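Report on the structure given below.
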Ligand code: HEC
Ligand code: HEC
Ligand code: HEC
């Protein structure tokens, strides 16, 4: 009897494994010599804009490297991953890929030769795109990106996670394979914003928390997550920002790199907006902003300038704490205040740190990053710089300033603040 059950269970497992391997197996698509080169200039231009909005070159180009030739290094919880060469080089890039092979990779994360790609490549978002949009990106890469011969480095993912076949199981469990669905209850503009945000611009790849195996938690969409040594804040009603985000605040942030009521795009968000979203027409950024304003459910359209929250924060700047007692306040006054003081109203480019997101997040990571490395001219507001204090301030100094700002912002102290300052100082810096 027992034997029969054992045989039964084993049999079921073998059948299951067999079915899984049929599911997991994808054929190679034969290499081709792409014959079509006569795409219309409009299609190529559309592909160029979409490739920018999908940050293809951000992830497929290492700092200082050749565009699209790959080997950009991504540090994940599972090990180091290198991006592929997606220039039209026949030997080492995608020069021998048919349009069908490219579309399959973009929709299902399967390479031309049939091997599964890791979800560091955000195919579950690109899957939301229309055929026309995917084909336009293909047309742009094949006709306009110079071919570069460069072999992809092997990923540093330990066994058994490096078995590509397992990715099929991951996809089965976690990947959103649904096509984009138009929400008929919403306007055409909202749907355009949703289409771009969920698809090509893959905002959720960074802003949605992930489970232990790296799958996006779709029931917590856009509720904030750690990414590349930074915190991508919640973009929903769970945002800790004291001044609610309105559509025009999203728009200002996404077009200028800064919202006076929230702060600057100084980390991974900087290339997203400066090198990515900036390629999209204004109407598309408006659509994305409207989509997120609806998600953030901020029906509030009050002018933040006259809000009591902002007035109180500005007034608080004038009441100096006793600097003989508070070391953080003293350091802040000497190192920061000259640039961060607003007399009676907010001035763009002089962030009021006590209302900024970096100070109000439950995690001090973004504030520590900005104090250590500042804001380069190609980050935040274009051409505007904040110096880094990596060499000028010790871990104790940075801890004191951050603790002072946190308390001045009316928030609870961050536990393990000094430990985090030390850890973040020694982390590899986010480059881009
Ligand atoms: C967040 C980083 C990231 C972004 C953004 C990104 N990619 Fe990738 N891509 C990767 C990584 C990493 C791989 C390799 C994954 C692996 O080793 O399994 C990859 C692989 C690919 C492949 C498979 C190549 C092959 O030889 O198998 C294609 C095609 C591709 N990307 C195209 C694109 C396009 C087009 C865009 C922009 C619309 C894009 N990628 C944006 C990270 C990214
Ligand atoms: C020389 C002027 C200057 C000094 C000194 C300075 N900052 Fe800044 N800071 C800026 C500017 C300008 C920006 C906005 C940069 C941009 O958006 O391009 C900024 C931005 C910020 C931000 C917002 C970034 C974000 O992620 O939202 C924080 C936080 C910040 N500074 C903290 C500090 C602290 C703390 C100090 C002192 C240790 C300091 N700053 C010293 C000029 C300065
Ligand atoms: C590569 C990861 C990444 C992608 C993709 C990304 N973000 Fe971000 N985002 C971040 C990080 C990290 C921050 C924190 C600030 C920084 O990095 O400069 C941020 C900050 C923001 C902020 C400011 C939030 C606050 O409370 O201060 C907004 C708004 C935002 N992102 C919107 C978007 C939208 C809209 C998209 C898609 C169009 C998007 N992000 C795509 C990583 C990302």
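Including glycine, each Cβ sits where the backbone N, Cα and C put it.
Feature list (source: TrEMBL):
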BINDING   56, 59, 60  heme c 1 binding site
BINDING   203, 206, 207  heme c 2 binding site
BINDING   336, 339, 340  heme c 3 binding site
DOMAIN    42-145  domain 'Cytochrome c'
DOMAIN    188-296  domain 'Cytochrome c'
DOMAIN    323-409  domain 'Cytochrome c'
TRANSMEM  5-25  transmembrane segment
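Annotated features taken from TrEMBL, shown on the structure.
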residue	record	CB count, 10 Å
56	heme c 1 binding site	22
59	heme c 1 binding site	21
60	heme c 1 binding site	24
203	heme c 2 binding site	22
206	heme c 2 binding site	19
207	heme c 2 binding site	23
336	heme c 3 binding site	17
339	heme c 3 binding site	11
340	heme c 3 binding site	17
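Excluding 56, 59, 60, which define the heme c 1 site, the same chain contributes 54, 55, 57, 58, 61, 68, 70, 72, 83, 86 within 8 Å (Cβ to the Cβ centroid), listed in sequence order. Not one of the binding-site residues 206, 207, 339 places a Cβ under 6 Å from an atom of ligand 1.
DSSP places the residues of the domain 'Cytochrome c' (323-409) in helix, strand and coil in these numbers: 40 helix, 2 strand, 45 coil.
Taking 59, 336, 339, 340 as the binding-site residues under consideration, the smallest Cα distance to residue 206 (heme c 2 binding site) is found for 59. Apart from 203, 206, 207, the heme c 2 site neighbourhood in this chain, defined by C-beta within 8 angstroms of the site C-beta centre, holds 202, 204, 205, 208, 222, 225, 227, 232, 235. Distance from the CA of residue 56 (heme c 1 binding site) to the CA of residue 340 (heme c 3 binding site) is 35 Å.
Residue 203 (heme c 2 binding site) and residue 336 (heme c 3 binding site) are 32 Å apart (CA-CA, integer value).
DSSP places the residues of the domain 'Cytochrome c' (188-296) in helix, strand and coil in these numbers: 54 helix, 12 strand, 43 coil. Calculated from their C-alpha atoms, the gap between residue 339 (heme c 3 binding site) and residue 207 (heme c 2 binding site) amounts to 30 Å.
Checked against ligand 3, the binding-site residues 59, 203, 206, 339 give 203, 206 in sequence order as having a Cβ less than 6 Å away from one of its atoms.
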